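Pulled from TrEMBL, these are the features on record:
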TRANSMEM  24-46  transmembrane segment
DOMAIN    24-449  domain 'Ammonium transporter AmtB-like'
TRANSMEM  58-77  transmembrane segment
TRANSMEM  135-154  transmembrane segment
TRANSMEM  161-187  transmembrane segment
TRANSMEM  199-217  transmembrane segment
TRANSMEM  229-249  transmembrane segment
TRANSMEM  255-279  transmembrane segment
TRANSMEM  291-310  transmembrane segment
TRANSMEM  316-336  transmembrane segment
TRANSMEM  357-382  transmembrane segment
TRANSMEM  402-427  transmembrane segment
């Protein structure tokens, strides 16, 4: 070992199987995804809602991020990526033991066999870094999914009900999708392509959020009629963290710092930029003004649409996906939503069904059309996979993508409904009208800004050593 630089020599904390470059990138990618949630979506939600709901909306995101962490390491990680219990679920067990966390990472159920036989086609995923890195990376994906669901429920869901919803939905819905598609379950073995979460995260969040919004009920009528963003610059700050953080979201998908990671990051930016531009152009053409909030929506649909295919489509395909990501969800949100009785009835606060549900479904189906065979062979466990555009078995791939989407949608609608009904039997899902009238001050005793305005209940004056005394007021201060 004398001729090997010290930084590359093996030791107890740096075993032979450890690739330091891969480990450094995967930890960085995980942290970027974590930053998308906190502070990214915390700030975005806090800025995009009406002022009286800024604190509550940001806090829902923050709570979900923390709660998912505890559930994840206690039981949910192995339900998503551990040994197979049934074809849609892994065996629940903690991910806390040091022997488990510092050993080489392995996803035991991901070994893929030729259809109908015992001949191994692709070995199980075994990245060259510790299991702790995979647990971290996948945890922040689970967390952001719950935070996206919150976007459908802002401005009226009881915080106590949300505290119950997060662990229940993670356990009985997210783990099913993650294991089925990524962890070695039946959709993984069948060859459904979801490069980095178009189905597991975005399609799930879109339809689960819409379903939960149905059961929770709508916001107060005046909030539905007028819900202006309280701080568009905060919204842009959160959006920037979301876009830049997607380099870790999709760049970490291959579990290695390799050429697929590079390709996926470039494709992500191509699709997102095109989607934003198309959405903005449609706003100008049909409404006469370019909307900043519209541009953020277009950015998000581009990020979501490319995610299921980021590492398996060519650059020109990412451009095509961007055009469709900026136009089809725009149509469903801005035109179809106003014509559909169901869409108008369900109060999906931030339109998550459009930005994540529709965009995630669109991306998954387009991947079934545009997945490049050469890129597929670099990443997918099922060899010779390709999109329908390339002929051959591509038509079957499109069918798999559609069937996989229908399973994810059906499971989320059913399980989310059961969870909401169960919670409502214990605590009300929706806040009482008196809290809906006031907002943050009534729910948390806190406000986002030290300014009088819509929803303020109390005049807060300094009293004592850093404490605040509160007294009811009925008129604004001079």
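Cβ from N, Cα, C; glycine included.
Of the two recorded stretches, the transmembrane segment (291-310) lies close to the transmembrane segment (229-249), with three or more CB pairs under 8 Å once pairs fewer than 6 apart in sequence are set aside. 58-77 is the stretch from 58-77, 199-217, 255-279, 357-382 with the greatest number of Cβ pairs below 8 Å to the transmembrane segment (135-154).
The stretches the transmembrane segment (357-382) and the transmembrane segment (199-217) are in mutual contact, each linked to the other by at least three Cβ pairs under 8 Å (pairs 6 or more apart in sequence). Mean pLDDT, taken over the domain 'Ammonium transporter AmtB-like' (24-449), works out to 95 on the 0 to 100 scale.
Panel annotation: around the transmembrane segment (58-77), residues 34, 37-38, 41-43, 45-46, 92-96, 135, 138-139, 142-143, 146-147, 150, 153-154, 157, 159, 162-163, 166-167, 170-171, 174-175, 444, 448 of the same chain, lying at least six beyond its termini, place a Cβ under 8 Å from a Cβ of the stretch. Between the transmembrane segment (229-249) and the transmembrane segment (24-46), three or more CB pairs separated by 6 or more residues in sequence fall under 8 Å, so the two stretches touch. Sequence-distant contacts of the transmembrane segment (24-46) (same chain, at least 6 residues past either end, Cβ-Cβ under 8 Å): 54-55, 57-58, 60-62, 65, 127, 129, 133-134, 136-137, 139-141, 143-144, 147-148, 150-151, 154, 231, 234-235, 237-239, 241-242, 244-249, 251-252, 255-257, 261, 296, 350, 448. Listed as Cβ neighbours of the transmembrane segment (161-187) (distance under 8 Å, sequence separation of 6 or more from its ends, same chain) are residues 60, 63-64, 67-68, 71-72, 75-76, 79-82, 84, 87-90, 107-111, 124, 138, 142, 145-146, 149-150, 153, 194, 199-200, 204, 208, 212, 216, 404, 407-408, 411-412, 415-416, 418-420, 422-424, 426-430. Tertiary proximity for the transmembrane segment (255-279) is limited to same-chain residues at least six positions away from its ends with a CB under 8 Å from its CB atoms, namely 19, 21-22, 24-26, 105, 125, 127-128, 134, 195-196, 243, 246-247, 249, 294-295, 297-299, 301-303, 305-307, 309-311, 313, 315, 317-319, 321-323, 325-327, 330, 375, 378-379.
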